[in-house]
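The domain 'Ig-like' annotation in TrEMBL covers 34-146. Per TrEMBL, the feature domain 'Link' maps to 153-248, 254-328. As annotated by TrEMBL, disulfide bond applies to C199-C220.
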Amino acid sequence: MTILQWQRRMRCCWCDPGGRMRREGTGIDYFSGAKLVVETSKDPVYSYNGANVTLPCHFRYEPDLGPKRKIRIKWSKLRDDYTKEQDVMVAIGKTYMAFGDFKGRAHIRQASRHEASLVISDVRLKDDGKYRCEVIDGLEDESDVIDLRLQGIVFPYQPPRGQYRLNFHEAEQVCRDQGAILANFNQLFQAWSEGLDWCNAGWLADGTVQYPIRLPRKPCGGVHLAPGIRSYGPRHRHLHRFDAFCFSSALKGEVFYLDRQAGMTLEEAKQSCQDEGAEIARVGQLYSAWKFLGLDRCDAGWLADGSVRYPITTPRQLRPRRARASVN
């Protein structure tokens, strides 16, 4: 046990030669009698795939200490239980370093003397989550947490070969193949609150298996259970097999329909898309075009995974025509 750890256990306070004091256990840092306060937005910040986003963070001393001190700013991405998932960025003055997937995409915005906001460019699906802004002055620090949420859509997915064929790692891969990622619980809950009702259990990003029910019924856990997210809990990531709940965000491009009166095979559809300078659309892209762009077409089309689907925003009694191609 180090001296610092012993002092924290004893709930004591101490001073250093610079006149800095911290009263342990209060959550308040004192610098020559001033309190350090760090604040982020209490409301979630919303963005979408491919966009640029700023996570606001500001700090101050009470009372103000005048000219800017040489402090360190650290941003981390958190798990849902608020434990650290990964380092994002560390900055001292105008010198900063980003880590991992955030290299080349993240920097600190310091437009004012006490700003420590994080700017993320080319937002990716896995950027969704909680972030901690931490301001460090010597041995002392304060922090606050902000939530970045991507505007997107959750869709259930099972491979063409049938239901309940995916272990956890295969579920991760099929979501990536469809331009998506495995959904987390918050995303599934949001989808349920917006009307998603699905009786097949699927993997989530945390390794649990769950499914959303709006209308309780006998095949889906029974009629006497309340509506909500039904959970099988954590499952063995290699041995157990289910479907997947994938999450996709807004499109960077466009999904459009190629019409050939004679119809097309899957291979012909892929080649026709290439001839148009595009690629055959993936499932996540079609879902995104349906939700965010209002794509509505009563013509069935091939998708990259070999499935045939069509997007409907206004239900009507028309029989979809034979498969053509949906293009991204």
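The backbone N, Cα and C atoms fix where each Cβ goes, glycine too.
The shown structure was predicted, so the numbers you read here are calculated from the model rather than taken from an experiment.
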Within the domain 'Ig-like' (34-146), count helix residues (DSSP H, G, I), strand residues (E, B) and coil residues, in that order. 6 helix, 64 strand, 43 coil
Within 10 Å of the Cβ of C199 (disulfide bond), how many other Cβ atoms can be counted across all chains shown? 14
DSSP on the domain 'Link' (153-248): how many residues come out helix, how many strand, how many coil? 22 helix, 30 strand, 44 coil
Just give the helix, strand and coil counts over the domain 'Link' (254-328), going by DSSP. 21 helix, 17 strand, 37 coil
Hey, what's the Cβ neighbour count for C220 (disulfide bond) at 10 Å? 19
Within the domain 'Link' (254-328) only, compute the mean pLDDT. 88
